[in-house]
Amino acid sequence: MIADLIQRPLLTYTLLLPRFMACFVILPVLSKQLLGGVLLRNGIVCSLALYVYPAVANQPYIEVDAFTLMLLIGKEIILGLLIGFVATIPFWALESAGFIVDNQRGAAMASLLNPGLDSQTSPTGLLLTQTLITIFFSGGAFLSLLSALFHSYVNWPVASFFPAVSEQWVDFFYNQFSQILLIAAVLAAPLLIAMFLAEFGLALISRFAPSLNVFVLAMPIKSAIASLLLVIYCMQMMSHASKAMLLVMDPISLLIPVLEK
């Protein structure tokens, strides 16, 4: 009798949890390196999933066998990965912008481990990513992401299987990859232009004074220019990145067309 009473709540919670778990596995904001362990991250995600339980519990209940249960869990994992992929685009773009800047100034060999994205990155890429994570929590993007996840259980219920995959899906994800390159290029462009002008000036000096080995000073000069401009430009860069992040986290832009059935 008691087992029958807890069977449906446990099954409902088991089915709604993989979408949350898969989404936050990709997102750098709750990575195991930042939190110090997987158990802490899983505990936070399980706690957040409790808020959407009433909405999922009110949806039509279906009897499922073991095979159907595995299919539903697999669908939830894939859907969570898709949402997490779209939500992580601003972080990847900003890390790419920092790597492009460091590569241009000749410091790409100084690679560091990015604890958020769990990948090797440059010092500037790590700085920008960590700054964006701070803005993610302080600027309201975390609440927008939770709102998008909560809406996803309404747009695509747990008991519903895969929708028809059309060309709209292909165009959508192609545009997301293009968005990564576009944001990275736009954010890094001012610093790249300044370093190019500095290197062009050194090339002119070397042309008119061949005896001077000015390119020995190329890396320190470009690094100084990039550091100085980054202090001035960082506020504008973070403002643009946070706007792009809030746009991505918006439930409508995040869930359409991914969650349209």
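The backbone N, Cα and C atoms fix where each Cβ goes, and this holds for glycine too.
These features come from Swiss-Prot:
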- 20-40: transmembrane segment (TRANSMEM)
- 44-64: transmembrane segment (TRANSMEM)
- 77-97: transmembrane segment (TRANSMEM)
- 131-151: transmembrane segment (TRANSMEM)
- 180-200: transmembrane segment (TRANSMEM)
- 214-234: transmembrane segment (TRANSMEM)
- 239-259: transmembrane segment (TRANSMEM)
Requested in this report: May I ask whether the transmembrane segment (131-151) has at least three C-beta pairs under 8 Å with the transmembrane segment (180-200), counting pairs 6 or more apart in sequence?
Outcome: no
Report summary line: Long-range Cβ contacts under 8 Å made by the transmembrane segment (214-234), restricted to residues 6 or more beyond its ends, are 101, 104-107, 124, 131, 190-191, 194-195, 198-199, 202, 205-206
